[in-house]
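**Student:** The following feature annotations were taken from Swiss-Prot:
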BINDING   170, 171, 172, 173, 174, 175, 176, 177  ATP binding site
SITE      374  site 'Required for activity'
């Protein structure tokens, strides 16, 4: 039997210890203990951060939303059917990011920025965080430049400025999406880049919107972010933030952008679903306690930033230019109830609201804007000179008309002044009607509003106002093209322009039929 030398044994052990590979991957990992309805409970992951990306097996990612004493609740971004109890989950140390930049214009992407339009990959050079802090008070500048929506009713009575948040609110089927899409189409020559975020909508509806944007040439300067009704609640919750980040790219570089959230009611419902599945305590209407913060932190990111902010952000590359991100959030009400939880929240966050009423819509007044309770809190300072000068009496005329019309139902004989007010109000109401996908330029709006203000419509029967408007604008482009061009270029209003508009409308009424 061979004798073992103790010295050799100790030498052998030392050699083994020296050769031992002690390197290990420093991954913070945990184990899935429960999977249900897109929510994953993970044991471990002690170092997980709120909002951090969690990696699962099979290249699936989640987002940590509940950090508890001995577990982490994460929401899965995508298909969770392949996940099982006992599988490993890993911290990534990263916050969710999406691609940004001009490469996304003209494309349709999902909530994570992946292309879904079949036009190949998006070679974006940059990515940015989905959740960002809004610019501070010092970085902001007051709103004083207009965003023309192309709607007479909006641009005259409820003007929107660059960097404003203007809520579009109303029941289903009252023309909310139509108004937002028209606002995007109207930016064709304004240089404003657009982002349209579709949340919880049918895919057929989204396809129609994309097709219409393509037909009108608006898709070239628009990014469409889609989280359809068939996608997980997590993606419907994330989509508005992703779209906002894509819009902020332009704002922070001294450009102007417009973002439409269609609609935030569905985002709130998706967030409620996630919160209830994460076992968070429900509050009013079963929404979680932080549903106000859900929308306020999103809408506060829409702002007008000053030149100093842009210069600092671009390291001096862009000087002397302000940037803006204008938001048009949409909220769907139930039976006209604007005092429900989410509508009141968003009304208090935004800088005004355009209220669309189903009774007006059904009576043929489209866009169905209720001038009485629609308001723009900051847009007045941003109105162009000519529209501001001409539109002063329109809201008053409409408000008085509604009041008198209700009163006139019970009165048999009315005095002449009341009759005149009713006639004028009726014609203004008719003049404010506008067809879908036909946004109007500043000059077109100015020409017809001038005629209304000066009383030239009183001789025209109400049912012929639409035909008169069409024929008059055709005449203006044929005979007064230089005047229309001047108004569009300068947007100024002076005695010379007023005189030329006056002679134009008089000549037209004398020599033309419609």
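In case you wondered, yes, glycine gets a Cβ from its N, Cα and C as well.
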**Student:** Hey, how far is residue 172 (ATP binding site) from residue 374 (site 'Required for activity'), Cα to Cα, in Å?
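**Tutor:** Just about 17 Å between their Cα atoms.
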**Student:** Using a 10 Å cut-off on Cβ-Cβ distances across all protein chains shown, tell me which of the recorded positions (173, 174, 177, 374) has the largest neighbour count.
**Tutor:** 174
**Student:** In angstrom units, rounded to an integer, how far apart are the Cα atoms of residue 177 (ATP binding site) and residue 374 (site 'Required for activity')?
**Tutor:** 17
**Student:** Do you know offhand how many angstrom separate residue 174 (ATP binding site) and residue 374 (site 'Required for activity') by C-alpha?
**Tutor:** 15
**Student:** Given the binding-site residues 170, 175, which one has the fewest other C-beta atoms within 10 angstroms of its C-beta?
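**Tutor:** Across 170, 175, these binding-site residues, the one with fewest Cβ atoms within 10 Å is 175.
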**Student:** Output, ordered by sequence, the same-chain residues six or more apart from residue 171 (ATP binding site) with a CB under 8 Å from its CB, or 'none'.
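**Tutor:** Within the chain, residue 171 (ATP binding site) has Cβ neighbours under 8 Å at 332, 333, 334, 335, 336, 356, 357, 358.
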**Student:** Calculate the distance in Å between the alpha carbons (Cα) of residue 170 (ATP binding site) and residue 374 (site 'Required for activity'), and round it to a whole number.
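**Tutor:** Here the two Cα atoms are 11 Å apart.
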**Student:** For the binding-site residues listed here (172, 176), tell me which residue's CB has the most neighbouring CB atoms inside 10 Å.
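**Tutor:** Top count of Cβ atoms within 10 Å goes to 176.
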**Student:** Using the Cβ center of 170, 171, 172, 173, 174, 175, 176, 177 as the ATP site position, which other residues in that chain lie within 8 Å, going by their Cβ?
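**Tutor:** For the ATP site, the extra neighbours are 332, 356, 358, 361, 368.
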**Student:** What's the CA-CA gap between residue 175 (ATP binding site) and residue 374 (site 'Required for activity') in angstrom, rounded?
**Tutor:** 15
**Student:** Which state, by DSSP, holds residue 170 (ATP binding site): helix, strand or coil?
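**Tutor:** The residue in question, residue 170 (ATP binding site), is strand (DSSP, three-state).
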**Student:** Going by DSSP, is residue 176 (ATP binding site) part of a helix, a strand, or coil?
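**Tutor:** Reduced to three states, the DSSP call for residue 176 (ATP binding site) is helix.
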**Student:** How many Å lie between the Cα of residue 176 (ATP binding site) and the Cα of residue 374 (site 'Required for activity')?
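**Tutor:** Counting only the Cα atoms, the answer is 14 Å.
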